Amino acid sequence: MENSTVNPELYSPAFITVIFMDCLGLFLAVTLNGCHLIILTYSFPLFSQNLRLCLRVLAVFDILGGLVCYGMEILVYFNRDIVIASLVGCNIAAATCTTFVGVSQFILFVITIDRYVAVARPLQYYNILTRTRIRTFLVVALVVGASAGVVRSIHGALIDYCDFIIDGPELFTQPIMAIYHVAPLSLVIVTTLLNARLLCIARAQAKRDKMARQSSVNLQSRDYSTDAHDNEQNSFSERCKSAITISAMVGASYLVWMPYLILTIICLCEHSNLSFVWKAAMYWSMYSTFWFNPIVFGLVSSNYKNAVVRLVIKVRLVKS
């Protein structure tokens, strides 16, 4: 007898591919962020205290977000009625997932602010961004992300809408839901501008460092003031390098998240809809922000690579 709670197309090639990709995303989110969290915990000189705190919180939320979002989609594919039997329950599930996505994006914004102040106002950095203020910003990011998810889901329940109803004809034809894309889009614009400014400052600093090194080579004698100046330049140079790494991470995160925003707006404007495969691919792309950050760190930051190598060597020595 056919089980009514199991999707009859479960064993079609499209469903098998989608389920495999969601399982892969869940695995990557847990393993990569778990390793990333270990590296951030045991590599103290790698980043400043504020930046390390933000990155650790981001890694924790990325692990939870990957578990909830990918896990919820896999659950829907195998047994839809568990989630969509009740519209309220479906929207609660959507609120949980939306919360983790929103919190992740707001934490990236907080990290961008931290790096911008560190590079643009290095002398006032510890006065402007104290440990308490960074923690306050992180709490605000959590509250704002959770509030956005709850409000959006309550609104969806009132108009008979839910993200996890994958075959509903009205999934992308509720124009009022476009209002919830305004805040993320504004955040994307502001964060992009700040990171563009960061890259300009870092590039100018790289030119100054190159000129300073050339000048120091021509000097025949060195004194303590020159050494102190070099230490200051090196410290600022490290901040610029970390700013470049964060800019790459933010850019990659928004790059994989933007298809969801763009396709949703197009569907709303044209009153059209997407097939199941395209919807699944769009959500998978958005959720990949949960596991993409450690990959970007490994590709961009040489200090991060060295920290990984040192940690691996240390683990091998302990085992031997």
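Numbering starts at 1 and runs along the chain as it is shown here.
Note: Cβ is positioned from N, Cα and C throughout, glycine not excepted.
Residues or ranges marked as transmembrane segment in TrEMBL: 14-41 (among others).
According to TrEMBL, the feature domain 'G-protein coupled receptors family 1 profile' maps to 32-297.
Positions annotated as transmembrane segment by TrEMBL: 53-78 (among others).
The feature transmembrane segment is assigned by TrEMBL to 84-113 (among others).
Sequence-distant contacts of the transmembrane segment (134-158) (same chain, six or more residues past either end, CB-CB distance under 8 Å): 50, 53-54, 57, 87-88, 91-92, 94-107, 109-110, 113-114, 176-177, 180, 183. As annotated by TrEMBL, transmembrane segment applies to 134-158 (among others).
The transmembrane segment annotation in TrEMBL covers 178-200 (among others).
What TrEMBL lists as region 'Disordered' is 213-233.
Annotated compositional bias 'Polar residues' per TrEMBL: 213-223, in sequence order.
Residues 51, 104-105, 108, 111-112, 115-116, 118-119, 181, 184-185, 188, 191-192, 195, 198-199, 201-202, 282-283, 285-286, 288-289, 292-293, 296-297, 299-301, 304 of the same chain lie 6+ residues outside the transmembrane segment (243-262) yet bring a C-beta within less than 8 angstroms of a C-beta in it. Residues annotated as transmembrane segment in TrEMBL: 243-262 (among others).
The transmembrane segment annotation in TrEMBL covers 282-300 (among others).
Within its own chain, the transmembrane segment (53-78) is flanked in space by residues 6-7, 10, 15, 18-19, 22-23, 25-26, 28-30, 33-34, 36-37, 40-41, 47, 84, 93, 96-97, 100-101, 103-104, 107-108, 110-111, 114, 131, 134-135, 138, 164, 166, 280, 283, 287, 289-291, 293-294, which lie at least six positions past its ends and keep a Cβ under 8 Å from the stretch. For the domain 'G-protein coupled receptors family 1 profile' (32-297), the mean pLDDT of the prediction comes to 77.
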